[in-house]
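To start, the structure itself, in structure tokens.
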Amino acid sequence: GQGVDEPLSATGFRQADAAGLFLSNVKFTHVFSSDLLRAKQTAATILGKNKFGKDLEIKYDARLRERKYGVAEGRPLTDLKNMAKAAGEQCPSFTPSGGETLDEVRERARDFFEFLCQLAVELEQKEQEHGVASRSSGTTEEQFAFPWTNHCSEAELSSGNGGASKILDANILVVSHGAYMRNWIGYFVSDLNCTLPTNLTKSQLSSVSPNTGVSHFIVKLENGNLLKPEITCVCLNQDSHL
């Protein structure tokens, strides 16, 4: 949750190192992280191993925090399950006293995603004003060659160019938390009709990502239309680096 702001464990740092090596050849334009310590450390470790990340600033945002679990925070998961059972409910829909509902978490996710879309549109507008040379200069296909493309079908890649395009308006790394990301992905699917990989099962869609699991989404905003983002999920909770 949010109330226990613990640092990464030794295992967590090893996982962050592995994720950093995995993403070392990807050129990001922006990096956002939850402002909780474990996410901050993960983002810093990933960026520290990135070949193009020297001049990037990590921006911390409270909207990316893990779901708040109220009185259950700092206690074993079995306690949360027992609280839910006593209330005649089941996890994850159960909300402990002082915690956030799933709808409240989804509202945070929606707000942050709309902020990212606005950021991308403003970048494109600036680049149009100054010409595309600033965006394309010095970029190569290698810098946008994502390492997990061998884990998805050609159809999924071609539907969004697989990120292999030499020019991207924005290529954003977001570091957050398991329950929050599951909720955000649910918002993508149920509210925004996100296109999913053909081999993805329902259980995979509803499961929490492993620590440093990587998910890749291509978001298209036709003519800067913020109301109708077209979202394609290239991969979900990819963990081959672990």
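Numbers here mean position along the shown chain, with the first residue as 1.
Placed from the backbone N, Cα and C atoms, the Cβ positions cover glycine too.
Predicted automatically and left uncurated, TrEMBL annotations should be read as such.
Taken verbatim from TrEMBL:
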type	residues	note
BINDING	Arg38, Glu66, Arg67, Lys68, Tyr69	substrate binding site
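Mapped onto this structure are the features recorded in TrEMBL.
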residue: Arg38; record: substrate binding site; Cβ within 10 Å: 21
residue: Glu66; record: substrate binding site; Cβ within 10 Å: 22
residue: Arg67; record: substrate binding site; Cβ within 10 Å: 22
residue: Lys68; record: substrate binding site; Cβ within 10 Å: 20
residue: Tyr69; record: substrate binding site; Cβ within 10 Å: 23
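The substrate-binding residues named in the record, Arg38, Glu66, Arg67, Lys68, Tyr69, extend over a maximum Cα to Cα distance of 17 Å. The substrate site, placed at the center of the C-beta atoms of Arg38, Glu66, Arg67, Lys68, Tyr69, has further neighbours from the same chain whose C-beta lies within 8 angstroms: Gly1, Gln2, Gly3, Leu36, Arg65, Glu73, His177, Ala179, Tyr180.
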